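Have a look at the structure below, then the notes.
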Amino acid sequence: MSTAKDTAKEIVSFRNVAKKYRGGSVGVENINVTIKEGEFVCFIGTSGSGKTTTMRMINRMIDPSKGTITFKGHNIRHYDPVKLRRTIGYVIQNNGLMPHMTIQENITLVPRLLKWPQEKMDKKARELINLADLPESFLDRYPAELSGGQQQRIGVVRALAADQDLILMDEPFGALDPITRDDLQELIKHLQEELGKTIVFVTHDMDEALKLATHIVIMDSGHVIQDDTPDNILQHPANDFVKDLLGEERLLQAQQNTLSVSDIMSTNPAKITLGKSLAEAIRTMSLRHVDYLLVTDDDNKLKGYIDLETINERYSKDASVSDIYNRTRMKFKKDSYLRDTSEKILKQGYKYVPIVDNDNYLIGTVTRASLVNIIYDAIWGKEELDNPDEIKLPASIAKGSDKS
Amino acid sequence: MINFLNQHGSELIIKTWEQIYISALALFLGILVAVPLGIILTRYEKTAKYVMSISSMLQTIPSLALLTLMIPIFGIGKLPAIVALFIYSLLPILRNTYIGMNKVNKNLIDAAKGLGMTTAQSIFKVEIPMAMPIIMAGIRLSAVYVISWSTLASYIGAGGLGDFIFNGLNLYNPSLIIGGTIPVSILAILTDYLLGKFEKKVTPVTKSGVKK
């Protein structure tokens, strides 16, 4: 079922899954989603979109009325629901800690159900409280004595107590303040990236989804609208609903994040081949109104650049471009993302950077000016660009942003 | 008072014991039936409504009438009294158990299930401990009711401290009435106090440093 090029094993798959409630109201319909090991999957949608229903079907909190769900290759119907739930981590909003159990008892709740020996549980409790970045003395306390953020940290690590590979999280940070939420988001990102846990995360917060997910499933009124990577969703929203969900601001910002340099490069760079004379170089510069030229060989492979200053210093009638050109300091491959490149260009003060394809053939340039346009869009929005006079440029960007 | 004790001392002890015996048995049976029933009813919302109204209806029958109604079925003596008081003890315990169980944070039940607890584990390890204070409040209320109402049981020949009171009424002897009433009150207060202690013990701790 997984495509050949993806090596990661699938851990959960939905095939034509539907849930109809008594009385005929439809919970979800026609769900086809594959979750691979190590992924961070966000189910996102408005309330009533079926995102929580879909997630809760994985550990059989809700049974589907139609279709099959597999967990590690087996139909979940063949698992005993209680045993299945003990092998899948579960984190809910408002932490769901048992108020009458100590933190240690809460953390080792599933191991106790699995009847682990006491020593092993003690060790696990200490290991997990360290993972949660809380002092070991907290193990003897009760949940009410911890802050909301600390409680949810325990709620998160509790889901790992029996070494579960898959963790389900149902809007776990909805009730937390933004700073605490950031901390916890880092904690679970760590679980996914460092410990290789697969996380299925339900949220209605697009920022959260874009920040955490490697795979986003957008849902609306019981249907999957789009199922893709965050980058692809930002670049190619499936329909207006997805666009609305993302918001115009985010789409603009995302342009910078998901555009590749080849999307904004000018494909007609000022260039010259190695064998030409310097006089010819100067003529080309004046024709193109620039003070530099990219230097290529006869096959259009990028060799370096030459600028007016160098020519001035080292001019001689007999010299050709190949004698005095500079080796390229910086170039970008055509599919590198703007977000990785724009900062380098802006901070290091380059006016232009040549863009090459995988075989080092010159295919264009990205200039400071074209970059700055994108950044304006992201910072001030498109409308204000209609009145460019009113915009006060931040000094760092305004400086040296000439049109080359 | 010393006079009263000299005259009725041994009788007082026997009657008090009878009172305790009747009410304790009725209460015990009440708990035995009402607590599990209340828990089961939380799983059947629709049935719960009917059961609750029936038990409320039973509660509205005047106590003396209920005791008398038992005579054709169970005759006279302790048995009809225990049955009648048992019926009375049901409602407060049943209602509090039902409410207590229903009021348990749904998040906790969801977490318990999602973490892999069986229904029984969820009920015994999570829901009952959480509902305990409310269930105990119902039991304490029933206990006080049953002890004071068991006084009336003497009317159908069950014995108990009611014998003093009814004798006092018949003989126009206030000291007998008072001598029967005071032990009943003391018994009720003492029971409530002891159950209060017990409640503290069975109510789960949620703060460290609080000794059971």
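Glycine is treated like the rest: Cβ placed from N, Cα and C.
Annotations in TrEMBL come from automatic prediction, not curation.
As annotated by TrEMBL, domain 'ABC transmembrane type-1' applies to B:16-195.
Cβ atoms under 8 Å from those of the transmembrane segment (B:20-42) belong to residues 48, 51-52, 78, 81-83, 85-86, 88-91, 93-98, 100-102, 123, 127-128, 135, 138-139, 142-143, 146-147, 150, 153, 158-160, 187 of the same chain, restricted to positions at least 6 beyond its ends. Among the features that TrEMBL reports, transmembrane segment is placed at B:20-42 (among others).
Sequence-remote contacts of a segment are chain residues at least 6 beyond its ends whose Cβ falls under 8 Å from one of its Cβ atoms, and for the transmembrane segment (B:54-75) they are 81, 83-84, 87-88, 90-91, 94-95, 149, 152-153, 155-156. What TrEMBL lists as transmembrane segment is B:54-75 (among others).
The transmembrane segment annotation in TrEMBL covers B:81-98 (among others).
The feature transmembrane segment is assigned by TrEMBL to B:134-156 (among others).
For B:176-195 (among others), the entry in TrEMBL reads transmembrane segment. Residues of the same chain lying 6 or more positions beyond the ends of the transmembrane segment (B:176-195) and with a Cβ under 8 Å from any Cβ of it are 4, 8, 12, 15-16, 19-20, 136, 139-140, 143-144, 147-148, 151, 161-165, 167-169.
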